[in-house]
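First comes the structure, then the notes that go with it.
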Amino acid sequence: MAASGSATAGGHWFSALALGVTLLKCLLIPTYHSTDFEVHRNWLAITHSLPISQWYYEATSEWTLDYPPFFAWFEYALSHIAKYFDQEMLNIHNLNYYSSRTLLFQRFSVILTDALFVYAVHECCKCIDGKRTGKDLTEKPKFILSVLLLWNFGLLIVDHIHFQYNGFLSGLLLLSIARLFQKRHIEGALLFAVLLHLKHIYLYVAPAYGVYLLRSYCFTASKPDGSVRWSSFSVVRVTSLGLIVFLVSALSLGPFLALNQLPQVFSRLFPFKRGLCHAYWAPNFWALYNALDKVLSVIGLKLKLLDPSQIPRASMTSGLVQQFQHTVLPSVSPLATLICTLIAILPSVFCLWFKPQGPRGFLRCLVLCALSSFMFGWHVHEKAILLAILPMSLLSVEKAGDATVFLILATTGHYSLFPLLFTAPELPIKILLMLLFTVYSISSLKTLFRKEKPLFNWMETVYLLGLGPLEVCCEFLLPFTSWKLKYPFIPLLLTSVYCAVGITYAWTRLYASVLTGSLVSKTKKH
């Protein structure tokens, strides 16, 4: 009876958290939406009005279909519900079409598909180590994790204000992770394969999946020292995984292969002509690289080491542009970013293979793959930081060191999303939601690990507190100075570079913990 009552109570608090955040999402329906709103409306129109043979060729709008086929079919399914709201939104020639019914349909399509994310969070909570439990419900790791995921600030503003479907996609990722924790490897692999054909950004974490499944599922045993026992290789298991990948890929890409359109599909999915950085530099290594190039350019001009006529005008005046031309440092090619990304990922993958630490080792590798790709990838969007923040939430409630990395990563990464919402009415909303989430995250994790050393040292504390003055400077001071006209890019530049420092630090610290953890494990066994 006691166990039954406890389970019921547990179900009640989780349902209350999910219902509460759903109501908040409904309140955000009238807020600002970005051009992504028109992007997805146009995709509804394309998939509804045209035969499949024209989906990846249609270019009436500049917002062409550039997601994998499963997402196109997802839009197709939504379009058959959308027609009951407003048929005009499905007209390809109605560019930038907007109506109150279109707004309601698209907003609620995001809210309702978030049900998958809610279910995935519930499943992830079952995978949390229950050794560290508090007396009160609010001190329990499962409760804290539920809040960190369900009420994630980044998902709220990116999906339910800016407008995207990251919750639904992140739900598939988290559910796949949960299935691997539960040793339901085939289900986990299937979910991830489907996810790859919904949004190809998840290719970034595919190495973690591939190595983990091969090492921990296809090889059924290890030697006493932890190394792989080659004789334990299971042909049946590797064949089953191969069949999953093949069948899902065939279902997704098969129709376009039959139409001889695969090159066209891939050209839409991987548009390398876009340039190294997005219009607003994602806070990664290349933001620091670009900023250093600007500093060196200014110094070179002051010392008359550079010829002003030879400096690309866009790089020194308009600031944050897509096709960034370097002045002093070497320009970066897509191949260079790919090589840097692979080099950054390899150590974590090697640790996963040679010193496997179960599902948690896989999860650390996944986060490092996501972060490494964010740090060094080509044309990275700032929103891609959520790919690392959400899985890192699972680790944050189990170890103090991981909690520190999560708090620095989440606080810095979430703040870097502020430029997405640049309209005045949304300013108090984003500041309030960010403060609430950040204060809760820090206070709850500090309480959870109160018996251990402080989560932050003085340097980390000063850095995080520095986000306050940065926001005041960018939002309330610089816009009222003469710099606004002369250097309009300065607020974005400061935000990008400052946040890049924090994210780089979090990535470095997490990597150090993984590498030193492997060394400690090896020492203990010897």
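The backbone N, Cα and C atoms fix where each Cβ goes, glycine too.
Annotation comment: Swiss-Prot describes 9-29 (among others) as transmembrane segment, evidence class sequence analysis.
According to Swiss-Prot, the feature transmembrane segment maps to 108-128 (among others), an assignment based on sequence analysis.
Counting same-chain residues at least six beyond the ends of the transmembrane segment (143-163), those with a Cβ under 8 angstroms from any Cβ of the stretch are 13-14, 17-18, 21, 24-25, 28-29, 31-34, 36-37, 40, 106-107, 110-111, 114, 117-118, 121, 124-125, 128, 137, 170, 174, 383, 385-386, 389-390, 393-394, 396-397, 410, 413-414, 417, 420-421, 426, 429-430, 433-434, 437-438, 440-441, 444-445, 448. Marked as transmembrane segment by Swiss-Prot: 143-163 (among others).
Residues or ranges marked as transmembrane segment by Swiss-Prot: 188-208 (among others).
As annotated by Swiss-Prot, transmembrane segment applies to 238-258 (among others), with the evidence given as sequence analysis. Outside the transmembrane segment (238-258), and at least 6 residues removed from its termini, the chain residues within Cβ reach (under 8 Å) are 52, 56, 68-70, 185-186, 189-190, 193-194, 196-197, 213-214, 217-218, 264-265.
Annotation source Swiss-Prot lists transmembrane segment at 334-354 (among others), citing sequence analysis.
Per Swiss-Prot, transmembrane segment is recorded for 361-380 (among others), and the stated evidence type is sequence analysis.
Residues or ranges marked as transmembrane segment by Swiss-Prot on the basis of sequence analysis: 400-422 (among others). Only residues 6 or more beyond the boundaries of the transmembrane segment (400-422), in the same chain, are considered here, and those with a CB under 8 A from a CB of the stretch are 32, 34, 153-154, 157-158, 161-162, 280, 282-283, 371, 382-383, 385-386, 388-389, 392-393, 429-430, 434, 437-438, 441-442, 445, 448-449, 452-453, 455-456, 460, 463-464, 467, 471, 491-492, 495-496, 499, 502-503, 505-507, 509-510, 513.
The transmembrane segment annotation in Swiss-Prot covers 427-449 (among others) and is backed by sequence analysis. Under 8 Å from some Cβ of the transmembrane segment (427-449) lie the Cβ atoms of residues 28, 31, 132, 134, 138-139, 141, 144, 147-148, 151-153, 156-157, 161, 396-397, 400, 403, 406-407, 410-411, 414-415, 418, 421, 455, 471, 475, all in the same chain and six or more residues away from its ends.
Annotation source Swiss-Prot lists transmembrane segment at 461-481 (among others), citing sequence analysis. Residues 407-408, 411-412, 415, 418, 427, 431, 490-491, 494-495, 498, 501-502, 505 of the same chain lie 6+ residues outside the transmembrane segment (461-481) yet bring a C-beta within less than 8 angstroms of a C-beta in it.
The feature transmembrane segment is assigned by Swiss-Prot to 487-507 (among others).
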Contact ranking winner - 108-128, 334-354, 361-380, 487-507 against the transmembrane segment (188-208), Cβ under 8 Å: 361-380
Remote residues contacting the transmembrane segment (487-507) - C-beta distance under 8 A, at least 6 residues beyond either end: 280-285, 287-288, 291, 294, 318-320, 368, 371-372, 374-375, 385, 405, 408-409, 411-413, 415-416, 418-419, 460, 463-464, 466-467, 470, 473-475, 478-479
